[in-house]
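First comes the structure, then the notes that go with it.
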């Protein structure tokens, strides 16, 4: 069911009365929306300003006008969490479908392999040697042990080394180098180790999740429910210079603002890139419609060995909507270096957390901390990759801080 947005959409910044709200939130992504919901429920008047023409940030989804299929404009978002506080918060807004994530691999040998790599994948890949290796794992490790690639490399067993060489050469290294645009040795180890090798017959992509899936009505409709409070006003299509840092003060719409400001945008941009630009990876999407019920075996298929594309995503398999329709929508993702003026790569998706960038970010963080009414929240403002459940939890904590 669609929810009507019961918030005021200002036509221009001149309509905004700086005295008409208690707290300003810059950014209508998941972090800002969750925060606004909690604050409004505590009788705070909240103004959200957003430069895009829609709410939801990168979680935004919409219905394709030609096929009537729901898709994610900025790539797939699968919700998962093991945090009860987050579960309690989303319960009135998210009714999750029963989707459990699994990622297919498209490799040269055309084997039906998936991630995470588990015993079933080892059998398919290595045959008799695979059965020997699984026996070795069962004798020497506890069932359901999750091994990182680095841990697999250290196992003194020739078949384990054979598996390691296959994974490093065909999966982890080519995918990561393409994704991050860096030599493999320079890529953050935490990034490489996000997907483990699971010592069990079956495995889950999100093994710690208590709940996982996608909202049955879509993320956008779920966010509209969160914003359905008369104390929340939203302004879309904003100029991105409404909030300005000048002379160690913040100005909103050319007026000095001393009320709390929660900023969810690029932290380096807020401070006019005074220390330099933080680096991000971006994505370019190629969208295709197919006149068939199903395009690929798995909802998400990683392509480590393809020249430029990292993965393809078939959205009807994620949303569980339109399975009967003889059409489907698939996106193909190509990563590149973020640059604001690049027509393909002008959206900052993934912070490149290395020594250089993290040192630069700390300078901006220190500068921001001197502004007593400024609060940084979300992926761009805190320069870190944040899963949706963590974004929600951080917004809950920020609300508690602002209300205390």
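Note: Cβ is positioned from N, Cα and C throughout, glycine not excepted.
Summarising the annotation, Swiss-Prot assigns FAD binding site to 31, 50, 51, 58, 77, 78, 379, 386, 387, 388, 389, 390, 391. Residues annotated as UDP-alpha-D-galactose binding site in Swiss-Prot, with similarity to another entry given as evidence: 176, 180, 205, 302, 311, 350, 385.
Here the features listed in Swiss-Prot are painted onto the structure.
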residue	record	DSSP class
51	FAD binding site	coil
77	FAD binding site	coil
180	UDP-alpha-D-galactose binding site	helix
302	UDP-alpha-D-galactose binding site	strand
311	UDP-alpha-D-galactose binding site	strand
350	UDP-alpha-D-galactose binding site	strand
379	FAD binding site	helix
385	UDP-alpha-D-galactose binding site	coil
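When Cα-Cα distances from residue 205 (UDP-alpha-D-galactose binding site) are compared across the binding-site residues 51, 379, 391, the shortest belongs to 391. Over all protein chains present, the Cβ of residue 176 (UDP-alpha-D-galactose binding site) has 21 other Cβ atoms lying within 10 Å. Of all the Cβ atoms in the protein chains shown, 15 others lie within 10 Å of the Cβ of residue 387 (FAD binding site). For residue 385 (UDP-alpha-D-galactose binding site), the nearest of the binding-site residues 77, 379, 391 in terms of C-alpha separation is 379.
Counting other CB atoms no more than 10 Å from each candidate's CB, the binding-site residues 51, 77, 311 peak at 311. In this entry, 31, 50, 51, 58, 77, 78, 379, 386, 387, 388, 389, 390, 391 make up the residues listed for FAD, with the farthest two CA atoms of the set 25 Å from each other. In sequence order, 29, 30, 31, 34, 378, 379 are the residues near residue 391 (FAD binding site), counting only same-chain partners six or more apart with C-beta under 8 A. Ranked by Cα separation from residue 387 (FAD binding site), the binding-site residues 176, 302, 311, 350 are led by 350.
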